[in-house]
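If you check Swiss-Prot, you get these features:
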type	residues	note
MOTIF	1-4	motif 'MREC motif'
BINDING	11, 71, 140, 144, 145, 179, 206, 228	GTP binding site
BINDING	71	Mg(2+) binding site
ACT_SITE	254	active site
SITE	449	site 'Involved in polymerization'
């Protein structure tokens, strides 16, 4: 088996976790108490969904997941919510006081009190796996727990499970809306610390998702539930190939192999289509060609940046539902002729395709329409550097005046860590610039890696 353990850190991670597990349960026909009426073989480990669920002797399916937060309120909602019976109480780990939007508290002072407990629980989950494939870590960049504790956890996971892949789903601070003033600090500190420990990080920017909800789903004032349900659809598309059998199945390690040309350049851009409300879907065809084209619209991306200004290094199209390879090939051929999509010259237009016959499931009473087919595109493009540049600029404005730095130093950090992290980010921006540059200029660029 190729099991995956999901780790949900901090408020954002936990709430996205709720949306994801709700959707997984619907997709696999698992009831909120973990029973699965359709599954007659108790203890049979041959079904694909067992990558995400373990099965007890009593036939109860338990998510291979850990929820961690340094303060209890958010996870208490899981403990009392609809899915309270789904999780083992030991999988829901809470501290007493929160990280107060402070990376240093999450990483040093408060985080270190709880890290061993968390690793112990993860170890128990890992011991139940026959062939652990890797970890999916969900967190935000802006929060104290999401940034500080996640980076601590990633460092420790690298030590304990050296070769296992670690994929992140990170909530990137939105360009316009902000939930905390110190988001740029936390984001840059966590990116710097996690850069060498993460194999692949899918970033999601709340503002981009807000816009999609407003524009495509006609929700005037999207709530976090709306956002998280949309994010969970994307996560579900990415993980569908691990949980269902399909024609062209994609494995966790396959993502990395196909999307990450250099170890540091591991931030693919996710795009999902069709995001459409039930009223509209009723009148539309949504052919393979249409949804494939929609993936190349900046409006459907999960991070605000413009790939038309950047170059693509790799592209992965994950289809699910009623899709045949013939249609996919035709759609891709059309896109290649358009020439609006520029690939770097050292990577001929490679599209990796995954097809899964399980149609997309929607949460009843949710906003998304039930459709026959959907596609999630993961593309590694140099345009994502725009997102880093934006964040770095905000960091610089605050750090020039050393604003808020004393909160971090007071928790045992040193100012040097800030400048070190910022230099690393500058190097990352430079890496993106060099990858996008034409290789004809000089062949001596390969020495860095």
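For all residues, glycine too, the Cβ spot is worked out from N, Cα and C.
Remember, predicted model here, so these are calculated numbers, not experimental data.
This view paints the features noted in Swiss-Prot onto the structure.
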residue: 11; record: GTP binding site; DSSP class: helix
residue: 71; record: GTP binding site; DSSP class: coil
residue: 140; record: GTP binding site; DSSP class: strand
residue: 145; record: GTP binding site; DSSP class: helix
residue: 179; record: GTP binding site; DSSP class: coil
residue: 206; record: GTP binding site; DSSP class: helix
residue: 228; record: GTP binding site; DSSP class: helix
residue: 254; record: active site; DSSP class: helix
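Listed binding-site residues: 11, 140, 145, 179, 206; maximum Cβ neighbour count within 10 Å falls on 145. Site extent for GTP: the farthest pair of Cα atoms among 11, 71, 140, 144, 145, 179, 206, 228 sits 23 Å apart. For residue 144 (GTP binding site), the same-chain residues 6+ apart in sequence whose C-beta sits under 8 angstroms from its C-beta are 10, 70, 98, 99, 100, 101, 102, 103, 105, 106, 186.
Of all the recorded positions listed here (71, 254), it is 254 whose C-beta has the fewest other C-beta atoms within 10 angstroms. Rounded to a whole number, the distance between the Cα atoms of the residue listed as 'active site' and residue 228 (GTP binding site) is 26 Å. Within 10 Å of the C-beta of residue 228 (GTP binding site) there are 22 other C-beta atoms, taking all protein chains into account.
Cα of residue 206 (GTP binding site) to Cα of the residue listed as 'active site': a distance of 27 Å. Between the CA atoms of residue 71 (GTP binding site) and residue 254 (active site) there is a gap of 36 Å, rounded to the nearest whole number. Cα of residue 11 (GTP binding site) to Cα of the residue listed as 'active site': a distance of 30 Å.
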